[in-house]
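Below you'll find the structure, written out as structure tokens, and then a few comments.
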Amino acid sequence: MMQPLYLVGPRGCGKTTIGMALAQATGFRFADTDRWLQSHVQMSVADIVEKEGWGGFRARETAALEAVSAPSTVVATGGGIILTEYNRRYMHRVGVVIYLCAPVSTLVNRLEAEPEADLRPTLTGKPLSEEVREVLEQRDALYRETAHYIIDATKTPAQVVSEIIAALPPSTQRLQGDVYT
């Protein structure tokens, strides 16, 4: 059994897309903390924040993180999961944390192209490019502090997955169908 692999980074860096591809490449299970949370409370992130505030959402996010953390699982986390010190320590201690790093321009382009963008609550109330820049400035150091590996997420999903697999210890690089020794 291998440690969970946690993907962290801002909105639009590709945590879910890369996570699913990485899980397929490694034979691991895939989990997404935001999706798990939404399916268990039957509300969108925006609805949770509206009803419970960011503090309530962050508490639920921690519960989701603990619930989906399991050996041999790739976990796509919410962009703000690193704001809670407990979450940073937990992920760093329990698993391998990978920061999917991308510049503001890439993040904005991806977010503008997402059909579910309206389901995400604004973090600052500012235009998207300003919000992404501000949020990344506030969180980048926390992503870096938490990560075991920092990966350039501007490439294609296949390239990013290959870079992640190359960075991981050999025991984690087994492809589906390989024999674990």
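Glycine too: its Cβ is placed from the backbone N, Cα and C atoms.
Residues or ranges marked as ATP binding site in Swiss-Prot: G12, C13, G14, K15, T16, T17, R120. The DSSP secondary structure for G12 (ATP binding site) is coil. Within 10 Å of the Cβ of G12 (ATP binding site) there are 23 other Cβ atoms, across all protein chains.
Around the Cβ of D32 (Mg(2+) binding site), a 10 Å sphere holds 21 further Cβ atoms from the protein chains shown. Annotation comment: Swiss-Prot describes T16, D32 as Mg(2+) binding site.
Around the Cβ of G79 (substrate binding site), 21 further Cβ atoms fall within 10 Å across all displayed protein chains. Under the three-state DSSP scheme, G79 (substrate binding site) falls in the coil class. What Swiss-Prot lists as substrate binding site is D34, R58, G79, R139.
Taken from Swiss-Prot, the feature region 'LID domain' covers 112-126.
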Report the residues of the chain - excluding D34, R58, G79, R139 - with C-beta within 8 Å of the mean position of the site's C-beta atoms, for the recorded substrate site, in sequence order.
R11, E61, T77, G78, G80, I81, I82, L83
Whole-number Å value for how far G79 (substrate binding site) lies from K15 (ATP binding site) (Cα to Cα):
9
